[in-house]
Amino acid sequence: MAKPEYYYGVHSVESLLELEPERVLTLFTLKGRDDQRLQKILELAEPFGISVQKASRDSLEKLAGLPFHQGVVAAVRPHPVLNEKDLDQLLQNNDQALLLALDQVTDPHNLGACIRTAAAMGIAAVIVPRDRSASLTPTARKVAAGGAEKVKFIQVTNLARTLAHIKAHFFVKVVGTMLDEKALPIQKYDFSGNVAIVMGAEDTGLRPITQSQCDQTVYIPMSGNLQSLNVSVAAGMALYEACRQRLG
């Protein structure tokens, strides 16, 4: 049996119990804690016969790997890792998929924030390269506040090759967010159909090999003197504009 993963934080554990309770092996709660938020978690766990163990603050910190566990940690059966084949399956019967691809975003806090926004916007999947990218660590899951259980997270071997593949086989329009001579203001782009919005890390932007797969680049107009936004903030603004258009 694979080693369990550990989820921590009230929102993350609540969402897991609501959506995938069968994955929860054991709940660890802080000794002496007895409040409404914890009671809700215990009520969600009870119908499934999930083992609940009281633990010290130090024990919870060791399980979570961080002190910011909010008094609850869940030992969880690992989720299967999704890959290129899962992305193909997702797109086979979908001609209105909206995807978010992150090019070497390495900060788990940024990844978690992007996933949270993607889940709120109803995005079909978040795609990242397997190497040199943040993965779904407990920190990313906590920041996602339940979003990681609501949106598909797909890791691919080569992001540029994957973008080329879904363009050729599923007619996905690849839109890069960067300011170059061909970039359109984001509100001028037509986000209908299958679309992948590609975001780069805020310090390095999109790699040239990723840029080469973009059918169009867009930028977010700003009136201030800032040259760039945090990637999770920019992702939220881009996804909002795409969803605004698609909802009519």
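For all residues, glycine too, the Cβ spot is worked out from N, Cα and C.
According to Swiss-Prot, the protein carries these features:
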- Gly200, Ile220, Leu229: S-adenosyl-L-methionine binding site (BINDING)
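Feature annotations (Swiss-Prot) mapped to structure.
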residue: Gly200; record: S-adenosyl-L-methionine binding site; Cβ within 10 Å: 22
residue: Ile220; record: S-adenosyl-L-methionine binding site; Cβ within 10 Å: 16
residue: Leu229; record: S-adenosyl-L-methionine binding site; Cβ within 10 Å: 16
(request) Please give the greatest C-alpha separation between any two of the S-adenosyl-L-methionine-binding residues Gly200, Ile220, Leu229, in angstrom, as a whole number. (result) 14
(request) Starting from the Cβ centroid of Gly200, Ile220, Leu229, which together make up the recorded S-adenosyl-L-methionine site, report each further residue of the same chain whose Cβ lies within 8 Å of that point, ordered by sequence. (result) Thr177, Met178, Met199, Glu202, Tyr219, Ser228, Val231, Val233, Ala234, Ala235, Met237, Ala238
